[in-house]
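S.K.: Just passing along the structure, written as structure tokens.
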């Protein structure tokens, strides 16, 4: 259940109660595709870096190790040893971005596995069954994620089908939650708003799904190639038409700047592979913008990645040491940078929440954007 | 300074005081070639898994990031943020095992870097200077590690040269320790006994270097291709000729079985890449022998790697989950197994020390060897 604690213009400070604990919003979900965060980060580490919600991928876990195996092992929480909230996506996005040779029909999608090419069918019922097997806290409805740019006519037909799939998703999850051997009988369902960058289609769809009294509402199909301005314009248009008493989740977004802009537009939930992926390449976030630790200027830098940061990497190691680890192709380099970047995101959300609590989110946002664009102080050689 | 606390036949329980803390012996040193343990294990993790001594490689650190850089960063302890004892090898073994096109002269060895082929010279003075730059707790003398099998005549000439190199190593380290800007002015030096599997040459060399009053004595050039029986026979022959009031270090050894056999023969220090390397391949040590987590029989195994083990992997994750991580090529798999295997080794040494303390090492050894060869209980499918 979502409680709106405070609003500052459209920015929302809320609290979302789930069967696996309370989520303070706005929140950034830490992405662990296969039930693990890439970069040798464990569920124990997630607790240390301030993660509130872990996100795993239905499509990936269905293929490997298989949702039935995870189910037999007691569900995803027990499998990965994480007792906090887990959100699973529906597989919709992955089917459209990863799978080969796909065919979309009214019943669902026929496609080939990106691992071994084997033929698979997934529709709303299949997606819900997999997510129920995994026992995640929040399941996502099965939708079609439309590639942009897209013809208006195609988008209209697709969005209508996504609405029909949402009804089927809801019916199936209700049925599964009522079954005896379901791991999480209180599994929640978020619907997904689609419509590309056509504001009128987005709004019509938002109004339609808002009637369904779901546990939350996601905005999907953004951050897939459109400009940031189109994304913000779409948020401006659609967010006011989603229920105010439910959390709003912007899927797959984004940079720290994107997050500030989207919180300002009323978004509560975020997820993105960006901090972990950046970290694995030595690109790390600091109070003064992103830096690339592979750069020679950090060779003898005795400062932590980000001065004042309390993450495990910054408390114990210097930029010079971590740069050495990258050059030597040592895995610890990746681990430290992923831990740092996820901590940076989780801490950013905490700071955002406090700023809204204290009615100073807009100043906070302006200050952060200015700080991040300042860049690093010049490095003084000893 | 080494204090012999107790003996059970030849097995020794001791204590070695160093400028970076006390080492309880027998001890296994955890290998972090480049100032980091492979498998995303940090110096913070080392504290958690019971590591007493970290071992780094002079040759590797000289090439990357360079010992001068490490020196400017405050030495290896500060660079990798480890305040316990560090032993650095001399580079001798790596020059002979990794470098290409090498030429051995009285002054030292000319060779090509295994990274970029650049030509390098290393003799006793160079090795000591690099180790002094690194500021390790214990430096190893520069020696020639002879490939086995080797002709008697070659071994004799080589061992004589190794003795002359030891004298030069000692003179150079004394000079460096007396210098103003040396990071660790109390750097210790261990000499290295050589002689292949020729017992008489080994003994003659041992007697010769024993006179030099070094901080400790290593047995080098074993575990390089000879049989276990030849290794044990060589230990039986040479250990009694090394000073009883100094620690004895068997370089590059070995399996848990090798360690028990060598402790029985009077060895105090060990190091080996085996536990970390095995871990990275999913081969893990248990109270009932080694298992391969890639094996399908562990797919739904809800037990930890080793029941009763208190390592971070066993306290939190199941064999089934870790197997999934290996199959999905997730780095966390390697990290968890390396942590487990190093913990297993460090714990084994702790148990060995307690057994000697309690005068039951020989029973302990027999029991362990029996347990490890029993194998796993058959896995019962649910």
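Backbone N, Cα and C atoms are what each Cβ position is placed from, and that goes for glycine too.
The following feature annotations were taken from TrEMBL:
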type	residues	note
DOMAIN	A:10-372	domain 'tRNA-guanine(15) transglycosylase-like'
BINDING	A:89, A:90, A:91, A:92, A:93, A:143, A:194, A:221	substrate binding site
ACT_SITE	A:89	active site, proton acceptor
REGION	A:252-258	region 'RNA binding'
ACT_SITE	A:271	active site, nucleophile
REGION	A:276-280	region 'RNA binding'
BINDING	A:309, A:311, A:314, A:340	Zn(2+) binding site
S.K.: Within 8 Å of the Cβ centroid of the Zn(2+) site residues A:309, A:311, A:314, A:340, which other residues of the same chain have their Cβ?
M.R.: A:304, A:305, A:306, A:310, A:312, A:313, A:315, A:339, A:343, A:344
S.K.: Calculate the distance in Å between the alpha carbons (Cα) of residue A:314 (Zn(2+) binding site) and residue A:93 (substrate binding site), and round it to a whole number.
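M.R.: Between the alpha carbons of residue A:314 (Zn(2+) binding site) and residue A:93 (substrate binding site) there are 35 Å.
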S.K.: Going along the chain, which residues at least six beyond the ends of the region 'RNA binding' (A:276-280) come within the CB cut-off of under 8 Å?
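M.R.: Same-chain contacts beyond the flanks: 30-31, 37-39, 41, 290, 334, 337-342.
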S.K.: Using all protein chains shown, find which of the recorded positions A:143, A:271 scores highest when you count other CB atoms within 10 A of its CB.
M.R.: A:143
S.K.: For the binding-site residues A:309, A:311, A:314, which one has the sparsest Cβ surroundings, going by other Cβ atoms within 10 Å?
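M.R.: Among the binding-site residues A:309, A:311, A:314, the sparsest Cβ neighbourhood within 10 Å belongs to A:309.
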S.K.: Other than its own, how many Cβ atoms are within 10 Å of the Cβ belonging to residue A:90 (substrate binding site)?
M.R.: 30
S.K.: Between the Cα atoms of residue A:194 (substrate binding site) and residue A:271 (active site, nucleophile), what distance do you get, rounded to the nearest Å?
M.R.: 17
S.K.: In the same chain, which residues outside the set A:89, A:90, A:91, A:92, A:93, A:143, A:194, A:221 have their CB within 8 A of the centroid of the CB atoms that define the substrate site?
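M.R.: The surrounding set, listed in chain order, is A:95, A:96, A:140, A:141, A:142, A:144, A:145, A:192, A:220, A:251.
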S.K.: Measuring Cα to Cα, how far is residue A:311 (Zn(2+) binding site) from residue A:271 (active site, nucleophile) in Å?
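M.R.: For residue A:311 (Zn(2+) binding site) versus residue A:271 (active site, nucleophile), the Cα atoms are 20 Å apart.
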S.K.: Helix, strand, coil residue numbers for the region 'RNA binding' (A:252-258) per DSSP?
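M.R.: Counting residues per DSSP class in the region 'RNA binding' (A:252-258), I get 3 helix, 0 strand, 4 coil.
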S.K.: At the level of the C-alpha atoms, what whole-angstrom distance separates residue A:143 (substrate binding site) and residue A:309 (Zn(2+) binding site)?
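M.R.: Roughly 39 Å, rounded to the nearest whole number.
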S.K.: Nearest to residue A:309 (Zn(2+) binding site) by Cα distance: which of the recorded positions A:89, A:90, A:92, A:93, A:271 is it?
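M.R.: Given the candidates A:89, A:90, A:92, A:93, A:271, the nearest one is A:271.
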S.K.: State the count of C-beta atoms found within 10 angstroms of the C-beta of residue A:92 (substrate binding site), not counting that atom itself.
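M.R.: Residue A:92 (substrate binding site) is surrounded by 28 other Cβ atoms within 10 Å.
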S.K.: Near residue A:93 (substrate binding site), which residues of its chain come within a Cβ-Cβ distance under 8 Å, counting only those 6 or more away in sequence?
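M.R.: When sequence neighbours closer than 6 are ignored, residue A:93 (substrate binding site) has A:145, A:220, A:251, A:252 within Cβ distance under 8 Å.
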